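Over in TrEMBL, the protein carries these features:
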REGION    169-343  region 'Disordered'
COMPBIAS  179-203  compositional bias 'Polar residues'
COMPBIAS  270-285  compositional bias 'Acidic residues'
COMPBIAS  303-321  compositional bias 'Basic residues'
COMPBIAS  322-338  compositional bias 'Basic and acidic residues'
DOMAIN    445-497  domain 'Rad4 beta-hairpin'
DOMAIN    499-558  domain 'Rad4 beta-hairpin'
DOMAIN    565-639  domain 'Rad4 beta-hairpin'
REGION    686-759  region 'Disordered'
COMPBIAS  708-724  compositional bias 'Polar residues'
COMPBIAS  736-746  compositional bias 'Basic residues'
COMPBIAS  747-759  compositional bias 'Basic and acidic residues'
């Protein structure tokens, strides 16, 4: 057929280098904007997390102080039996707290009633008073507060422990929100592969199935074995009866296709619901293999083998179904723990003088069971803090959070910010706190080693060599191996040392000892190192030598001799630490001291206190000068004198500038007046201006014959004394009649004129 010409105009776009460059620039801009928006969202989320965390801490401090009110403590003490207050503090132990909790909570002294009214924005103190009056609590939190009042009324040193649940640092991901099956595939329901736990024993069974003896439930939601095998055989026969495919040829792998086909069985319950389940490919393959072997061989031998095969298959299915149910239960428990709602997030701790230890008390689960408190709290746990009677806060995450060393660190905010923020709420450290810190540290060390490699990354106690940073190394080389994780040795975090270059160690007032070999070689990141690598042939060579602290010694400052300040290669003095001041010198923080020292022929070197990185380079930050001690008094006196001279010069300069400004203003006014005298009055050549309205009002009055009217130029000429020279010369004010002057006089008058006036 002949080509048909298009009826519409055809557009052909050719991508030119300019267009490609523009598209690339647009893509880079979009990527940059997307990155900035994501960074802004992340910063907002982190700030929200911090603010929410501070609000939760403030709420805990407020509730802890409410439970220390003298009136509430007096009311609570009046409710207690006398024998509880007669026991000395040195004799109080675990049994005493158990008895007190049993009387207070478990003996229905304070009942738990969830139907109690709770007003919004109610005063917490008023609420506690009502609960004490009714001897009841609405929830676990109020019961904890009531028991805290009981303990503090008996003058026990106790604190309120709170599991804080702030807004997470990371937004919830959209993945994994669907229902999970036993294999973890989203979008499928577990009920399709699990038997109904509430199904009655009188379920309706589809034809071809067999009910177990005794009316027991059908496990797995499937029919009998014979019915399943029979249906599989029938389907395989139907597949074999098809001689050809749609393409006209018989498939070579008809057996495989029959095996890959899925057979579904339905089971109807009394409620009319249907349960559908698919056989796995392995079961179908086994059933088809049985069928083929039975057809091919036949006889008692094949039947016997088939029965044994079926029995082994039934046992395998039973093991598989039980294992699948167990896996499903484990996954449900794991997911349930991740998505667990609000739990018992508050409990108490009491310090026992008898044992010098803290005892955990939960109003629902008893005394001395910290693991139960962690299990029943809202998961995942992120922050666990305690608030004592004085309002001091302490972090107890190491004690109660089971995942504190592994996954909890990823959910927490920056550790430096958290420690700095919590430092303002910490109380004075005493022997009790020191002992508790040692116990917590020993508890962490006694925990078993992590079994996953990812858990070792940034672990506070253990480390692997693969996770070491660029400037980190394990020292000493004979460090003890604590264990192995997939064949890799595990070292203590204390053996991980930070390495630095010579210049960096110098900033810490330490120098590398002579003869020390670099412990590690890396590639430098400074511009100087990069340019040196690019200039050399080995661009990938490690050119930066790193040393450990054990290879350095304290900086020994040089000594000033003969009034000369010892300098470095750059002509200044490094003063990163006060101990780096040269011997016999002093640091004077006086601006422009080097000019005074130069006039007096004395030595003064700039003091470098650090470096500032901007514009792609490192710039030295100087402050003051280093001079010898014997020149200090002379330089100070000379500097003060120089400052007075500078002030006087500044004053004279300012006065000179003021006078010049006034001179310029006066000259401008004089020029303006001269121009008005010369061109402001009507002359003979401008007679037509009166007819056209070009004259001013004063000129019109003079033209009209009013002798009292004067022009503005005449008025100003009479008021300015500079115009008297024109009168003395015999000239009129109007300037129409002038006296003839000589060339000398004219030359003298022109001295006072500007260049454009001489023309």
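Cβ atoms are placed via backbone N, Cα and C, with glycine included.
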Over the domain 'Rad4 beta-hairpin' (499-558), what does the predicted model average in pLDDT? 86
Residues in the domain 'Rad4 beta-hairpin' (445-497) grouped by DSSP into helix, strand and remaining coil: 10 helix, 15 strand, 28 coil
Its residues classified by DSSP, the domain 'Rad4 beta-hairpin' (499-558) shows 18 helix, 14 strand, 28 coil
Within the domain 'Rad4 beta-hairpin' (565-639), residues counted as helix, strand or coil by DSSP: 21 helix, 29 strand, 25 coil
